[in-house]
Amino acid sequence: MTGTPPDTTGQGTARPGGMALPSAQPEPENRGRLIALLGRFAPWLAAIGRLTRHQVRFTLLLIGAGWGTLRESLRPNSWRRPVKYEFRATLRQVVSGGFLSIVITATLAGLMVVSQAAYWLGYAGMAQMTGSILVSVLVREISPILVGIILMGRSGMLSLTEIGMMVLGGEVRGLQARGIDPFLALVMPRTFAFTLGGFTLGMIFAVVSLLMGFVVAHASGAITSSVWTFFFNVLAAMTTWDYLIIPLKFVLVGFFVGLGACISGLTVSSTDTMATIMPRGFARGIMLVLVVNILFMLDF
Amino acid sequence: MAANAPLLELRDAVPSFEESGLMPAPYNLRIMPGECAVIDCRDVERAALFADLCTGMISLTQGSIKFMGLDWSVLRDRQLNALRGRIGRISRHGGWLDMFGTHLNIMLPHLYHTSEPFDHVVLHATELGHKFGLPGLPISAPDRLSAADLARAACVRAFMGRPALLVLEDISDMLPEETVLPFLEMLTAARDRGCGVLWLVRSGAAWHDYRKAVNIHMRLLDEGLFSMRVV
C-alpha cells in the first residue's frame with residue numbers, strides 16, 4: 001500500500017507548489033467572533049421576532065376562527081338549542097341596539113351627502129350624475145364604514161366585554177367542564193348574528209340616508225323629481241357589481257366585527273382588565289372595518 | 001364501556017404543573033359504577049383543579065385518566081365534550097353565566113347535549129327544583145340569587161338527566177340544612193342507577209351523615225392523593 005498517512009498534527013497539509021491548505025486553527029476564532037456578533041444582535045432579533053409574532057397572532061387567529069366558524073356552521077349538529085338561543089338573543093341585541101343609532105347617523109349622513117351632492121351637481125349642470133355619485137359615495141363607501149363602527153360600538157364592545165369577563169371569571173372554563181364548547185356556544189352564533197345584523201342595519205342605513213337626503217334636497221329645491229324617480233335614478237346608476245358588492249360589504253363588516261370581538265374576548269389573559277380589553281378591542285374593530293372596505297376598494 | 005370496568009380511573013396520572021399548578025405527583029383513583037369516593041381537601045382551589053383533572057381538562061405529563069373506558073387524552077374535541085356531558089358537576093366558583101337566567105343555566109347542559117323536548121326538560125328541572133326546596137325554576141340571573149338558592153340550583157343542575165358520574169365540590173356551607181337530606185337521597189338514587197360519585201369535601205361534617213355509604217375515602221394533599229380508612 002502506498003497511501004499517504006493522514007495528517008494528525010493539525011498544522012495543515014503542504015500542497016505541491018508551496019501553497020498550504022487553510023489550517024484548522026483559525027476556525028474556533030471565526031466561530032467565536034460569529035457567536036459574539038450573534039450575542040450582540042440576538043436581543044434585537046428576538047425583540048423583532050416577538051413583535052412580529054404578537055402583531056400577526058390576531059390576524060392568524062382571525063383567519064383560523066373565521067374558517068372554523070364557517071366550517072362548523074355547515075354541520076347541523078352544531079346548531080343545538082343553546083346555540084340557536086344565543087344566535088337569536090345576539091341578533092335581537094344587534095338589530096334593536098343599533099337601530100336608533102343607525103337611523104340617526106343615516107339621517108345626518110343623508111342630510112350632508114345627498115343634499116350637498118344634489119345641490120353642487122345641479123349647480124355644475126351635472127344633475128344626471130346624482131344617482132351614480134350617491135351610489136358610489138354614500139351607499140358603497142360611507143355606509144359600510146359607518147355601519148361597522150356603530151355595530152362595533154353598540155354591540156361588538158358588549159360582546160367583547162361579556163366574553164372577556166366570562167373568561168376572567170372562570171365561566172368559560174365552567175362551560176367547558178360541562179362539555180359545552182365555547183366556540184360553538186358563543187363565537188359561532190354571535191358571529192352569524194353580527195353578520196345578519198350588519199346586513200340588516202346596512203340596508204336600513206342605505207334606505208334612510210337616501211330618503212332623508214331626498215326630503216331635504218326636495219324641500220330646498222335642489223331636487224324637483226318625485227321620490228320614485230329619485231330612487232329609480234339611484235337604482236339605474238347601480239351596476240351589476242354594486243348589487244353584489246354592497247350587500248357583501250355589509251355582510252363581511254358584520255362578520256369580522258363580530259368575530260373580532262368574540263376572539264378578542266376569548267383570548268384575554270389573566271393579567272387583562274377592562275382597561276386593557278376595551279381599547280384593544282376598539283382598535284382591532286376599527287382596523288377590521290377599514291381593512292374590509294379598503295380590500296374592496298383595491299379590487300373593484 | 002365493558003362490564004365491570006371502572007367508571008373513572010386515574011392510573012399514575014401526573015398533571016402538567018405549568019398548566020394547572022397541581023403538584024406533579026402520580027394520582028391513582030378508581031371508581032366503579034355506583035361507588036362513592038370522598039376526597040378530603042381543605043383547599044377549595046386545589047379541589048376544583050382535581051375535579052378538572054378528573055374531567056380531562058388538565059393535560060398530563062404521564063399516566064392516563066379514563067372515564068367510561070375512554071382515555072381523555074386521545075379524544076377529540078367533540079368526543080371530549082360529549083363525554084363531559086355525561087358528568088353532573090357542582091362547582092364552587094365560576095359555574096354560572098350571569099347573562100342568562102338561572103333556569104337557562106340549569107337546563108343549558110341538558111339542552112346542549114340531548115334532544116329531549118324542551119317541555120320535558122323544564123318539567124324535569126322543575127321537579128328536581130321542588131325536591132331541593134325551590135318553589136319552581138328561578139328565572140332571575142344567578143348573581144341575584146341568595147347563596148342558599150344558588151346552592152339548590154347547583155344541585156338541580158348536577159342531577160339533571162342521568163349523569164354517569166357526579167363530581168361534587170363542597171357547597172355544604174351554602175346548602176340549607178333542610179336540603180341536605182334530599183341531596184343525600186338523590187345521591188343514593190343516582191348511585192343505584194350506576195352513577196359514580198366523586199365528592200370533594202373540606203371537612204368531615206360535610207359527609208358525616210353519609211359516612212356508612214361511602215366506598216372510598218382519600219385525602220388530597222400537596223404531595224398527591226392518599227388513601228384513608230373508611231369508618
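For all residues, glycine too, the Cβ spot is worked out from N, Cα and C.
What TrEMBL lists as compositional bias 'Low complexity' is A:1-13.
Residues or ranges marked as region 'Disordered' by TrEMBL: A:1-27.
Sequence-remote contacts of a segment are chain residues at least 6 beyond its ends whose Cβ falls under 8 Å from one of its Cβ atoms, and for the transmembrane segment (A:94-114) they are 134, 137-138, 142-143, 146-147, 150-151, 153-155, 158, 193-194, 197-198, 200-201, 204-206, 208-214, 216-217. The transmembrane segment annotation in TrEMBL covers A:94-114 (among others).
Outside the transmembrane segment (A:120-139), and at least 6 residues removed from its termini, the chain residues within Cβ reach (under 8 Å) are 109-110, 113-114, 206, 209-210, 213, 222-223, 233-238, 242, 246. According to TrEMBL, the transmembrane segment annotation covers A:120-139 (among others).
Taken from TrEMBL, the feature transmembrane segment covers A:146-168 (among others).
Residues or ranges marked as transmembrane segment in TrEMBL: A:192-215 (among others).
Summarising the annotation, TrEMBL assigns transmembrane segment to A:227-244 (among others).
Long-range contacts of the transmembrane segment (A:250-269) within the same chain: residues 58, 61-62, 65-66, 69, 143-144, 147-148, 151-152, 155-157, 159-164, 166-168, 172, 182-183, 186-187, 190-199, 201-203, 277, 280-281, 284-285, 288-289, 291-293, each at least 6 residues beyond the stretch ends and with a Cβ under 8 Å from a Cβ of the stretch. The transmembrane segment annotation in TrEMBL covers A:250-269 (among others).
Long-range contacts of the transmembrane segment (A:281-298) within the same chain, counting only residues at least 6 positions beyond its ends with a Cβ under 8 Å from a Cβ of the stretch, are 58, 62, 141, 144-145, 148-149, 152, 156-157, 160-161, 164, 245, 248-249, 252-253, 256-257, 260-261, 264-265. The annotation transmembrane segment is assigned in TrEMBL to A:281-298 (among others).
Long-range Cβ contacts of the transmembrane segment (A:146-168) within its own chain (Cβ-Cβ under 8 Å, at least 6 residues beyond either end) map to 90, 93-94, 97-98, 101-102, 105-106, 109, 186, 190, 194, 197-198, 201-202, 205, 250, 253-254, 257-258, 260-262, 264-266, 268, 270, 272, 274, 277-278, 281-282, 285-286, 288-289, 292-293.
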